[in-house]
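Pulled from TrEMBL, these are the features on record:
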- Asn9, Trp10, Lys11, Gly172, Ser211, Gly232, Gly233: substrate binding site (BINDING)
- His94: active site, electrophile (ACT_SITE)
- Glu166: active site, proton acceptor (ACT_SITE)
Amino acid sequence: MRQVIIAGNWKMNASKEVTNILVMDILSGMVNVKSKVIVCVPFPYMAQVEALVGCSQLNLGAQDLNINKSGAFTGEVSVDMIKDFGARYVIVGHSERRSLYFENNEIVAQKVQVALNNNLTPLLCIGELLEERNSGKTQEVVSEQIQTVIDLVGIDAFKDIIVAYEPVWAIGTGITATPKQAQDIHSFIRSILAKHDENVSKITPILYGGSMNPRNASELINCKDIDGGLIGGASLKAQDFLQICKAS
Ligand code: 13P
């Protein structure tokens, strides 16, 4: 059975003070949480969160990585730097990076490969735009996004990848995919993996992201192929985040 995973994506939010309060509040509410819980925080706060989480069950992640080892890449952050702060997870291919920073499927696949080669677990984000859904292209888009990664890293690598299906029209809009809409695509994603390797498809976690909140989390997470959530806005409120962590 796949473990439920709840990951918070703070995006470009928080401050030193907010980080302190948020992480302390999450930690103090984590008794009885059975899910794996990850917080993907902005780079400047990683050292602070590393110190706060200590050996607790709260895991630290980053929100992006650069594919190069080191060198003249002003403003960028390498996997070694991410690992230096005890992080074991990294978000790759978030729709905001795809749309605002022009990351295409090939770049995303390379980032997944670099993360895996360096023992970081990638949270690989995929998902369609509203116009793609409206023109019946959801499956085509999602399957291209995932296939590019399979082509580069191989299906076996999906034993160490967390997939996050985030329909772009649901991100930050308050419009959540219905459990049926989400489950349909999750099951489709699993079927793509199964075409390559049935066993791998059964163990790869597939999270849902896009306006997940304490009110809709339980119904979504209880769907057969939904193994947890990647949470934006609601991960910035400790009580909401904790409620989602306990929703499964
Ligand atoms: P929201 O939960 O704010 O819709 O954001 C989802 C997301 O983008 C997580 O990566």
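Cβ coordinates come from backbone N, Cα and C, glycine included.
Note that this is a predicted model, so its numbers are computed, not measured.
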Ligand 1 is in the model; which of the binding-site residues Asn9, Trp10, Gly172, Ser211, Gly232, Gly233 have a C-beta less than 6 angstroms from one of its atoms?
Asn9, Gly172, Ser211, Gly232, Gly233
Other than Asn9, Trp10, Lys11, Gly172, Ser211, Gly232, Gly233 themselves, what residues in this chain have Cβ atoms within 8 Å of the centroid of the substrate site's Cβ atoms?
Asn13, Ile171, Ile231, Ala234, Ser235, Leu236
Taking the Cβ of Gly233 (substrate binding site) as reference, which residues of that chain separated by at least 6 in sequence fall under 8 Å from it?
Gly172, Ser211, Asn213
For Lys11 (substrate binding site) and Glu166 (active site, proton acceptor), what Cα-Cα distance in Å is obtained after rounding to a whole number?
14
I need the least crowded one of these binding-site residues (Gly172, Gly232), counting other C-beta atoms within 10 angstroms of each C-beta.
Gly172
For Glu166 (active site, proton acceptor) and Gly232 (substrate binding site), what Cα-Cα distance in Å is obtained after rounding to a whole number?
11
Return the residues near Trp10 (substrate binding site), defined as same-chain residues 6+ apart in sequence whose C-beta is under 8 angstroms from its C-beta, sorted by sequence, else 'none'.
Val39, Cys40, Val41, Pro42, Gln63, Ser235, Leu236
Among residues Asn9, Trp10, Lys11, Gly172, Ser211, Gly232, Gly233 annotated as binding substrate, what is the maximum Cα-Cα distance? Answer in Å.
14
Other than its own, how many Cβ atoms are within 10 Å of the Cβ belonging to Asn9 (substrate binding site)?
26
Largest tally of Cβ atoms lying within 10 Å of a Cβ, found at which of the recorded positions Lys11, His94:
His94
Which of the three DSSP states, helix, strand or coil, fits Gly233 (substrate binding site)?
helix
Let me know how many other Cβ atoms fall within 10 Å of the Cβ of Ser211 (substrate binding site).
21
Give me the Cα-Cα distance between Asn9 (substrate binding site) and His94 (active site, electrophile), rounded to a whole Å.
10
